[in-house]
Structures are given as structure tokens and as C-alpha cells.
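Below: one structure, written as C-alpha cells.
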Amino acid sequence: MRFDLIRCHGSGNDFPLIDARALDLSDGDWARIARVLADRGGPVGGDGLLLLTAGDADHAFGMRMFNSDGSESETCLNGLRCVARLGFELLGIDAARVRLKASSAEVARKAQIAPGVVTVETRAVASIDLARVGLRIAGDALIEGGVPGLPSARAFTAVAMPNPHLVSFVDAVDDGELSAIGEWAESAPDILPGRGNVSFVELRNGGLFVRTFERGVGLTDSCGSAMAASTFAAGLTGRAAFGCEVTVFNRGGMVRATAAAPEDGAVVAIAGNATFFEDASVGIEGDAVAERVVHRVRRDEIAAWDAVLADVTI
Ligand SMILES: N[C@@H](CCC[C@H](N)C(=O)O)C(=O)O
């Protein structure tokens, strides 16, 4: 199998991106291709695989996202910015409604957050319904509460974006502690059989700093849906005002986020980079990349994002 792909990132969350609108492969094939391409030890690497998929009567195009373990997620908001950019470029549009696995999101080109940085805003609805999060504990919602059975006494807020997130506000992020809870979530415990993304969040520099252990991946430089869930959770717990823009920092950079209150629709808007850094083609044989040809390294975009990182105090 041969594919043309674009290697891209949103806030350092990096992916190979394939225009799959005309491709007809099984879910099992895509899961295998995700594991091969996103393998950090292989010639491509990434936090998962993004697919631009065909649109329908209600959507200009669609997105599918496979984690590096081959599992398919309900969404990926850093990835959605990159998929949206490709969709915009191929269709000659600047805004769209996008079909996700079982939901929709709005995307639009925005003014550049920094010179030379292509910027896209995603808008997705948050939910605190525990059934949607897939967290099987007593009650309808969990807002800053303990999770019986979780190996931590910390208080968590559960949010579906619609992928599952557990968010805890901490004084200082401890990667070891976060990873231990993330690994527990990866074990698909009885109370979280669909697993989940786990984030620790600090109030930092007037904004939020979010560190996430992602379902199907592990610790990443950033996770867009976790930043959305964290902004929503900050509103729910009185740490940030609903309707006001918050800068959300992460290991890979920053985004600007605004969450609407539940009574105002619970839409979380995230504006951030959609950086394309390499155009390549790959040949895959079995479980390995047999050939990789790099056609273009987009040095201008790499430099533009490096300048943002040099400016951001994380
Ligand atoms: N990094 C993504 C989320 C990717 C999916 C996640 N690991 C899951 O399985 O829910 C983002 O930017 O939202």
C-alpha cells in the first residue's frame, strides 16, 4: 500500500495526515496503518493517524482519528485543526461543519495567532453526562469529586468532548503521578471500560497549563480535547469565567480557548496552530514502512512555530 501524507501538528501533538476521501480500507486496515505510521521507533512517528474523509449532505468533509495503539477516538481537537486546514485548502473554503465518528464539530480559519502560523478554530460541545464519559460511578455528573476505585485521592471533573476526559486541578504537575493514573485508565477498569484521557491542570501565567496522559498513546506534548475539557472544567469549578478567553499552555505551545456555560450550549472554542511540516509518501508492507520519500520540508512553518515557542513562557 502506498500513501501520500502530510506530517502536521497542533500544539506539538503530531500526526501523519492522509487524504482518505477516495480510499476504501477496512477499520482493521486503518488501525494497523495507524500503529505502523505512528510508531515513534519507525521512520514516520506521531501521536496517532488523521484521516480527511468525504463529506455528506450536512458536512463539507469528515475526520477519523486513530491513536498510536490503533484504537479509534471520537475526536481529536488538535488534529481537527490540521484536517480542517487540508479540507479548506482542497475545497477552497474557510469554514465547515465536520463529521466526526458519531458527532459533528465546526471549524473556521482565524487570524493568525503569530506571523506565519496558519490558525484554525474548532468548536465542539462539552458534556458532563457520566454516561457519555463512560464513567460508571453513582450520580449523573462528577464535578471536582473523588472517583471510587481510582488509585488517587485527587478530585476530578469528568467531561466528554465527546471523547472521555478526567481532569484534576493540581498545584504542580507530577508526570509520574499522572502516568500512574493514566495507566490505570488504560487498563479499562470496570468503572471506565472504554478507558479515558487523564489530565493534570495548573493555573499558570494567568491561564491554564494542561498535561495529559492520552488514551491509546501515553504522555503527549498536548491534547486539544483535554485543553477543551480543562477549560470547561475550569468554568464549572469557578477557576475561569465562562465566555472569557483563556490562554491554555502545554508542552507543545499554547492555544486560546473559550468555553460557554452549560446553560449557553457548552460549546468550547479552541483557536490554535495547524502546522504542516513535511510532505511525504510511504509504502507499507505488512506491519512496517517499507519505503519513505520526503517531498518537501516546510521550513517556513517550522520556523514560524519555533518563534511562538521561543516567546511562550510555559
Ligand atoms: N490528542 C487528541 C486526542 C486524541 C484522542 C485521544 N487519545 C482519545 O483516545 O480520546 C486531541 O488533540 O484532542
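Just so it is clear, glycine is given a Cβ too, placed from its N, Cα and C backbone atoms.
Automatic prediction, not curation, is the source of TrEMBL annotations.
Cβ environment of Asn197 (substrate binding site): Asn163, Pro164, His165, Leu166, Ala185, Thr212, Phe213, Glu214, Arg215, Cys223, Ser225, Ala226, Ala229 lie under 8 Å away, each six or more residues apart in the same chain. According to TrEMBL, the substrate binding site annotation covers Asn13, Asn67, Asn163, Asn197, Glu214, Arg215, Gly224, Ser225.
Counting only residues at least six positions away in the same chain, the Cβ atoms of Asn13, Phe15, Gly48, Leu50, Met63, Met65, Asn163, Gly224, Ser225 sit under 8 Å from the Cβ of Cys76 (active site, proton donor). Summarising the annotation, TrEMBL assigns active site, proton donor to Cys76.
Annotated active site, proton acceptor per TrEMBL: Cys223, in sequence order. In the three-state DSSP classification, Cys223 (active site, proton acceptor) falls within coil.
The substrate site is defined by Asn13, Asn67, Asn163, Asn197, Glu214, Arg215, Gly224, Ser225, and by the 8 Å test on Cβ atoms against their centroid, the other residues of the chain that qualify are Ser73, Cys76, Thr212, Gly216, Val217, Thr220, Cys223, Ala226. For Asn67 (substrate binding site), the same-chain residues 6+ apart in sequence whose C-beta sits under 8 angstroms from its C-beta are Ala34, Ala38, Asp47, Gly48, Ser73, Glu214, Arg215, Gly216, Val217.
When every Cα pair among Asn13, Asn67, Asn163, Asn197, Glu214, Arg215, Gly224, Ser225 is compared, the largest distance found for this substrate site is 16 Å.
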